[in-house]
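Marked as compositional bias 'Basic and acidic residues' by TrEMBL: 1-21. Annotation source TrEMBL lists region 'Disordered' at 1-36. Positions annotated as transmembrane segment by TrEMBL: 108-125, 152-170, 177-199, 205-231, 243-265, 319-341.
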Amino acid sequence: QESEPENKLDGETASDSESKSEFGGSSPVPSSDDTPEVLNRALSNLSSRWKNWWVRGILTLAMITFFFIIIYLGPMVLMTIVMCVQIKCFHEIITIGYNVYHSYDLPWFRTLSWYFLLCVNYFFYGETVTDYFFTLVQREEPLRILSKYHRFISFALYLTGFCMFVLSLVKKHYRLQFYMFGWTHVTLLIVVTQSHLIIHNLFEGMIWFIVPISCVICNDIMAYMFGFFFGRTPLIKLSPKKTWEGFIGGFFSTVLFGLLLSYVMSGYRCFTCPVEFNNDTNSFTVDCEPSELFQLQEYNIPVLLQSVVGWKTVRMYPFQIHSIALSTFASLIGPFGGFFASGFKRAFKIKDFANTIPGHGGIMDRFDCQYLMATFVNVYIASFIRGPNPSKLIQQFLTLRPDQQLHIFNTLKAHLVDRGILGSLEDA
């Protein structure tokens with residue numbers, strides 16, 4: 001009988017084995033060949049290695065094509081797709097928990113999981129609506145009331161679910177139920193919170209949505225290609241197929257790709273302008289005067305590099321410099337989201353989160369790095385990019401009572417006079 005931890009599958013420890021009995025035994029999600037029959041027949045003469053390469057390649061091209069289509073359809077469709085992806089990812093992770101949990105026939109786990117998803121989405125999207133649709137909310141009485149008491153309503157909804165969980169506790173299975181309560185909340189933290197950040201990035205301008213996602217996709221593809229053809233040195237035990245050659249090749253490819261993609265997209269207002277709501281037409285608009293980030297600037301090349309490239313200066317968009325930070329994170333830190341997902345899957349003896357995409361696994365298998373990237377982009381924008389938004393301030397100012405507006409006007413006028421700004425404007 002094998003008793004040493006290293007003899008167990010995928011580094012399983014003794015505590016992992018002991019927990020099996022409590023969680024109901026073996027793999028919760030059995031793996032199977034989900035490759036479409038037409039591909040199986042077309043690739044039947046190939047080895048399993050090359051067959052997998054072609055399946056992944058064909059489905060990758062299909063997903064990239066779909067990505068271009070939804071970008072063309074505009075921000076509203078993008079937000080809808082993000083919402084659908086969020087729900088599917090949540091479903092895949094919760095299903096793993098349910099397959100471990102259902103054998104005890106304990107009540108309400110799936111119901112409560114989806115209820116908490118509804119509560120958290122109501123909170124986050126309510127905040128977004130209030131922030132980006134402020135004038136629309138103030139114009140409609142029911143929306144104004146919901147906006148005013150939004151956080152109280154959100155807390156009351158969550159508290160209802162909390163009480164339902166307490167009432168569902170079953171004797172002798174308390175610990176397992178609290179495991180699953182934590183499972184649901186960690187899933188909400190990983191999936192819902194970060195998908196909400198993706199939508200916030202989208203409102204800053206579609207370029208902040210497309211470039212980071214594309215960098216992660218590029219790194220995933222190029223790391224796989226370099227690893228497939230040149231990989232020899234294992235990178236990390238959690239993912240035995242990952243190699244240093246793929247990791248390094250993916251890094252340089254992603255940085256170069258980020259620079260080129262940023263250069264192309266920075267010249268189009270539809271990508272660089274923030275997504276704003278037009279109150280006159282009740283629709284989203286993407287039209288503005290490009291900020292300095294998206295205006296060509298001339299930069300001096302370091303002396304050491306001048307002899308190599310033969311140039312003294314180069315014209316580029318400031319956003320391209322930021323794209324280096326984005327692509328570097330996507331290729332050096334982003335993969336750790338994938339490693340985290342690999343560790344999670346190995347803990348529960350599953351190959352993929354689901355069988356949604358042949359050759360790729362579930363939706364969560366494709367978005368494990370995207371969620372980590374979305375958080376970084378949101379933090380990066382808040383730290384280095386975003387400044388006060390005058391249009392939002394004016395919108396809020398116009399919703400105040402006349403006496404409040406007059407008070408702010410007099411205060412601002414006195415402040416400008418003290419600084420000598422208002423006098424100079426009058427003289428001009």
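Keep in mind that glycine also has a Cβ here, set from the backbone N, Cα and C atoms.
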Exercise for the section: Residue list, the transmembrane segment (177-199) vs rest of chain: Cβ under 8 Å, 6 or more residues beyond ends. Expected result: 79, 82-83, 85-86, 89-90, 93-94, 97, 101, 106, 109, 112-113, 116-117, 120-121, 124-125, 128, 165, 168-170, 209, 370-372, 374-375, 377-378
Handout entry: Close approaches to the transmembrane segment (152-170) from elsewhere in its chain (Cβ under 8 angstroms; 6 or more beyond its ends)
Key = 104, 106-109, 112, 115-116, 118-120, 122-123, 126, 146, 177, 181
Problem - Distant-in-sequence neighbours of the transmembrane segment (319-341), which means Cβ under 8 A and at least six residues beyond its ends - result: 207, 211-212, 215-216, 218-219, 223, 236, 238-239, 242, 247, 250-251, 254-255, 257-259, 261-263, 266, 272, 293-294, 353, 364-365, 368-373, 376-377, 380, 384-385
